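Engineer: Pulled these features from Swiss-Prot for this protein:
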type	residues	note
DOMAIN	1-43	domain 'KRAB'
ZN_FING	197-219	zinc finger
ZN_FING	253-275	zinc finger
ZN_FING	281-303	zinc finger
ZN_FING	309-331	zinc finger
ZN_FING	337-359	zinc finger
ZN_FING	393-415	zinc finger
ZN_FING	421-443	zinc finger
ZN_FING	449-471	zinc finger
ZN_FING	477-499	zinc finger
ZN_FING	505-527	zinc finger
ZN_FING	533-555	zinc finger
ZN_FING	561-583	zinc finger
Amino acid sequence: MLENYRNLVFLGIAAFKPDLIIFLEQGKEPWNMKRHEMVEEPPVICSHFSQEFWPEQGIEDSFQKMILRRYDKCGHENLHLKISCTNVDECNVHKEGYNKLNQSLTTTQSKVFQCGKYANVFHKCSNSNRHKIRHTGEKGLKCKEYVRSFCMLSHLSQHERIYTRENSYKCEENGKAFNWSSTLTYYKSIHTGEKPYKCEECGKAFSKFSILTKHKVIHTGEKPYKCEECGKAFNRSSILTKHKIIHTGEKPYKCEECGKGFSSVSTLNTHKAIHAEEKPYKCEECGKASNSSSKLMEHKRIHTGEKPYKCEECGKAFSWSSSLTEHKRIHAGEKPYKCEECGKAFNRSSILTKHKIIHTGEKPYKCEGCGKAFSKVSTLNTHKAIHAEEKPYKCEECGKASNSSSKLMEHKRIHTGEKPYKCEECGKAFSWSSSLTEHKRIHAGEKPYKCEECGKAFTWSSSFTKHKRIHAAEKPYKCEECGKGFSTFSILTKHKIIHTGEKRYKCEECGKAFSWSSILTEHKIIHTGEKPYKCEECGKAFSRSSSLTRHKRIHTGEKPYKCEECGKAFKSSSTVSYHKKIHTGENP
């Protein structure tokens, strides 16, 4: 019986209880039961010595005898006595015996040691345990210190190290100890610079398998993390978490100094340097100092002209990654920044901030010289130059001076005729970005400037400003020649031509000359017969925009021109002028 028992153990077939009792009764060294007392299944055989598996039912004696004969050739009788060994170094007897047995067994015979549920052949006891637990879902191993259960002994051992602080894995380089061998292996790679995990796609190596896994997503293009708010997908959960802040507006990172909140820890760290006033990173080219090395590197690209961030869609390159990210939204049509007031969306947070000022009417930028306030810092800077009377930027073409280089560049387009800003909707091009922005409102039907007096809305701020003067009867622009006042400077300029008699705008078709370019444009329509201005209400067309504007008042009933004498209102300025003669006694 004992001999049979030894043979079964050697083959990796766990003994049943009666055999175990007989073995103990014969006075042999007992098994180390401590390791197995929590497991309901038969005890574990050394993973380095044999393949631990329950025996298949109905194995013929002849086959078992054949294996036993091969066992006899290995020539080691006491292999079964070291059943509870956990380390291959402790188990040299097993290791030697296992190698001989492995050479003796054929592939067919090895298949005896299989999982009873699926025909998977395992090479280690630990693997077979994991495999069987997947079928049962059993968690039989309990921690004595904490009320926690584990499927496998290895998991329990790892858990126990946390509270016992058993740092059994020591670094030979500096003596630092770790709970797990995997942590030690990773730590060692810091000293050696070893990167054992290589990407098969591009050859790039990494120190951690988890980093390699993350890297592989670049090649597969897989984006498993999806935003429920806008549907945008990402290849990392951390990027999705950062993205979500756009929708929530959350700023969880707060400055202890001033209480200001930020959406990312990196932005907070950059901000903190403002309080510390530390700027240790200096540009050798221009002397500009920065509070971070990364900011200095970005700044240097201004001097070098380097543009490392390229758009795969159109090939356009950028100096900064943030600029590329913003640019990509043009192709994607993505506009994550939404105005809560009117619902309009933008692809940049800075544009949304500027847009909000339309609704609030806020003018946070004040001139120290005269107290005048502005909605933009750029407009304030331009204004300041009026007080300083500094105009260092001169046009070589016409001699006109400007207080900013950007204004001079814009002015030069008058001479060159350059129109770099094109409308994607209709193809119309403009010399200035502001003109394109205003033009786009025509397609969108947007009229953000609303008159509080009469409720009329306007597409452009300039039109709104002019309109307000109708209610205020304000005419700040006065003619020095005749004293007549006007609501806009452009109308005053046109008026002055009456006194000079100048007619510099000539029609090429008939030779007729005009004082104003707008009148020439309207005159040309006589020759073409074109009527581009159409009433949406009744379909009637006009050759002049002013005629269409006057016509629309028939439908709206609007009477913006008021008589100051009697309060009567009229649809056109000419009608109110005619009416005023009744009060003055002039012949109408």
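The chain as shown is numbered from 1 upward.
Just so it is clear, glycine is given a Cβ too, placed from its N, Cα and C backbone atoms.
Are these features on the surface or tucked inside, and what are their neighbours?
Structural biologist: For the zinc finger (197-219), same-chain residues at least 6 beyond its ends with a Cβ under 8 Å from one of its own Cβ atoms are 186, 189-190, 235-236.
Outside the zinc finger (253-275), and at least 6 residues removed from its termini, the chain residues within Cβ reach (under 8 Å) are 242, 245, 291-292, 295.
Broken down with DSSP, the zinc finger (281-303) shows 11 helix, 4 strand, 8 coil.
Panel annotation: around the zinc finger (309-331), residues 298, 301-302, 347-348 of the same chain, lying at least six beyond its termini, place a Cβ under 8 Å from a Cβ of the stretch.
Proximity of distant same-chain residues to the zinc finger (337-359), defined by a Cβ-Cβ separation under 8 Å and at least 6 residues beyond the stretch ends, is recorded for 246, 326, 329-330, 375-376, 446, 448-449.
The list of residues near the zinc finger (393-415) in space but at least 6 beyond its ends in sequence, with Cβ under 8 angstroms from a Cβ of it, reads 381-382, 385-386, 431-432.
With a threshold of 8 Å between CB atoms, the same-chain residues lying at least 6 positions outside the zinc finger (421-443) that come near it are 410, 413-414, 459-460.
As a whole-number mean, the pLDDT of the zinc finger (449-471) in this prediction is 78.
For the zinc finger (477-499), the list of distant contacts is 466, 469-470, 515-516: same-chain residues at least six beyond its ends, Cβ to Cβ under 8 Å.
Helix, strand and coil content of the zinc finger (533-555), in residues and according to DSSP, is 11 helix, 4 strand, 8 coil.
Long-range neighbours of the zinc finger (561-583) within the same chain, counting only residues 6 or more positions beyond its ends whose Cβ lies under 8 Å from a Cβ of the stretch, are 470, 473, 550, 553-554.
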Engineer: DSSP on the zinc finger (421-443): how many residues come out helix, how many strand, how many coil?
Structural biologist: 11 helix, 4 strand, 8 coil
Engineer: Sequence-remote contacts (6 or more beyond its ends) of the zinc finger (281-303), Cβ cut-off under 8 Å?
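Structural biologist: Apart from its flanks, the zinc finger (281-303) reaches 269-270, 273-274, 319-320.
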Engineer: Using DSSP, what is the helix/strand/coil residue split across the zinc finger (253-275)?
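Structural biologist: Residue counts for the zinc finger (253-275) by secondary structure: 11 helix, 4 strand, 8 coil.
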Engineer: Near the zinc finger (533-555), which residues from the same chain, at least 6 beyond its ends, have a CB less than 8 A from one of its CBs?
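Structural biologist: Contacts of the zinc finger (533-555) (Cβ under 8 Å, skipping residues fewer than 6 from its ends): 522, 525-526, 571-572.
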